[in-house]
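According to Swiss-Prot, the protein has these features:
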- 194: active site, proton donor (ACT_SITE)
- 263: active site, nucleophile (ACT_SITE)
- 35: N-linked glycosylation site (CARBOHYD)
- 361: N-linked glycosylation site (CARBOHYD)
- 475: N-linked glycosylation site (CARBOHYD)
- 528: N-linked glycosylation site (CARBOHYD)
- 533: N-linked glycosylation site (CARBOHYD)
- 1-29: signal peptide (SIGNAL)
């Protein structure tokens, strides 16, 4: 169990032995006795007879590889987590009806054991509908085609399959004795997902379905409570929970249930063609502090590590292959600083008052028009206060218990003894890490040479079906591939061609199309994350007589949620040609021939054992700007042990594999220059995904994570399928590495030692504020690029001196830090000497390189 007890004083520990209040609405654990019971009352989850304040972290096992799991879980624990939470991904585990898969990235038991071995609890969100920006919301596509099946309503075929899979997962966990009632570590389970927001759209079948789902879950006899997020009418004893950027005002639907937050979004997902969302750590911390101050007892970050949508697992549609989410642990498994460390310090500060928060009495004190205190006191004399300033513009000085406190706008100060500020959400003490992607050209990796395979434009092999008019793309492919060829022929009277500007008009439900006329590419068109359907006009050169039109329809992930989402289709809906003496040729009702997938897919050219397939044609130099081309090249392992990304900026759009492992869809689609980006990010005020965006005018995703465990010591095969055309000679592997570290700390920042603080200390617990810098293991601070002690301004890599600057700044910092792996610099007078700017609040800003 993650470390809460280390923060308790002896007196507080003794109080845990006192009789507990009667438990209301509790679910009683079954088999393993009181020591493993998980129940709840109105205040919190109760584990082994003790109320618990819990920090939970979402890590989705299929979005990383098993070799990464131990480090990810360890980073969550080091960040202050008590729990790891994950969805269960039905379509990954049952890709065909009755055929189960629990290997490699989908080895749920292995992942759960790693969590258990780390001493953490687990929250299992079975769903089995999960949304999660995962293709088809995690539900298998084959289920949509099971006779009579309608998803997520009072439909017997759907409920039968849902119950069968839920039972399969529960039985698997029981077999491993993972539920807390068996002495294991799973303390909560979830059924369904955010259905309350959909009920109105589903009509009369909605409520009976929701009540059935709850009843079905309870009948599984797990011995632990069940939750339903965003399910406002969740029946007792199922706990309804909150998902949002802020949940401090949330109230459960019964006074007997505790206040749980299953999804606090520390960032947001990204779609191809848009800029990058960023949620400032100050605002994430603000939301968490407000939640616990207002009586919350379990909070989960969705997601703490987002990872990667490998292969064709992205949803949306148009969700990027990266599921980085601006999470505290980035896509590559590295700490995102300062976010990770700022939240770690927040968790420590809250945990200092855990007993008082859970067993004490609460009161509310107004400190001003938009300033307030939530105060908790217990019988032992414990006192914890959350001082809040919800004004989004103005800093305030407030008086609480005869003391003055500085409260920045949109911030919360945590006082674990109602006197000393242990943490303020707006004052970030942690260093910032600046990451670089360091390239290693494929040519420098002893490349054996390139081979290619060119796709035919249109029908290859036998025709799969012929129809007058259009078929739906997804209904035809059953999501076995992204690709479906639509091909037709038509005759043109030569007398109608003279002087005309001929235009091809295409309408599509989504998601993308490439058009070929008479075996030549004439254009491409795409929808986007906010609108999958599109129409496009392309100039064409017709010829007298017979013309052949081949349209390649493409999907970019399937719909992952929304009312009746399984009926969202894709594919061509209208094709016309204009420009012939005011005559329009409507091809929509023509005879169309269809071919599912690509020839290279049929021959599995992406598989590791297909490297010597005779269809591969060796090339001394790979062709450039060639559409519909497969590329194969042998590569060495990038040096070092840094995480690796595949730089695809030189390519168009397609799919990539290493040694048969599906890296995923790549598409360095450029976001608009005007896509909501701002020169600076103000954390203050309510956050939305449209705020604090970055990367306008840049590729949405340039680098694609390639786990190091996918590389062999030698003889690695990289396979690329390129749809549009690009320059494969400029593809590189890049190592993700720390380039520089920055810090910006003022003298009034909280400086209590959170590891050793005790509320019974006789002094105020304060030392001078400090800047702490550290480079990764094996690196040291090689140069100090900027330093100013005074009133500097700016952000990392753009700091500027202010009107107050101490001349000893550089010498003090270089003496402490240069050639060191890490260093600490105090903002005390002893360090910098004479105060040259009396009355000015001193700040120390540093930027240093690591090498």
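Keep in mind that glycine also has a Cβ here, set from the backbone N, Cα and C atoms.
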Inset, instruction - Sort residue 361 (N-linked glycosylation site) into helix, strand or coil using the DSSP assignment. - result: strand
Legend entry - Under 8 Å by Cβ from the residue listed as 'active site, nucleophile', same chain, sequence gap 6 or more: 58, 229, 242, 243, 244, 300, 302
Legend entry - Neighbourhood of residue 533 (N-linked glycosylation site) by C-beta distance under 8 A, where only residues 6 or more apart in the same chain count: 507, 508, 509, 510, 527
Inset, instruction - Among the glycosylation sites 361, 475, 528, point out the residue whose Cβ has the most other Cβ atoms within 10 Å, with all shown protein chains included in the count. - result: 528
Legend entry - Nonlocal neighbours by CB distance (under 8 Å) for residue 194 (active site, proton donor), same chain, sequence gap 6 or more: 131, 229, 230, 231, 243, 561
Inset, instruction - Work out how many Å separate residue 475 (N-linked glycosylation site) and residue 528 (N-linked glycosylation site) at their Cα atoms, rounded off. - result: 21
Inset, instruction - May I ask you to report the DSSP-based helix, strand or coil state of residue 528 (N-linked glycosylation site)? - result: strand
Legend entry - Rounded distance in angstrom between the Cα atoms of residue 528 (N-linked glycosylation site) and residue 361 (N-linked glycosylation site): 51
Inset, instruction - Specify the secondary structure state of residue 263 (active site, nucleophile) as given by DSSP, simplified to three classes. - result: strand
Inset, instruction - In three-state terms from DSSP, label residue 194 (active site, proton donor) for me. - result: coil
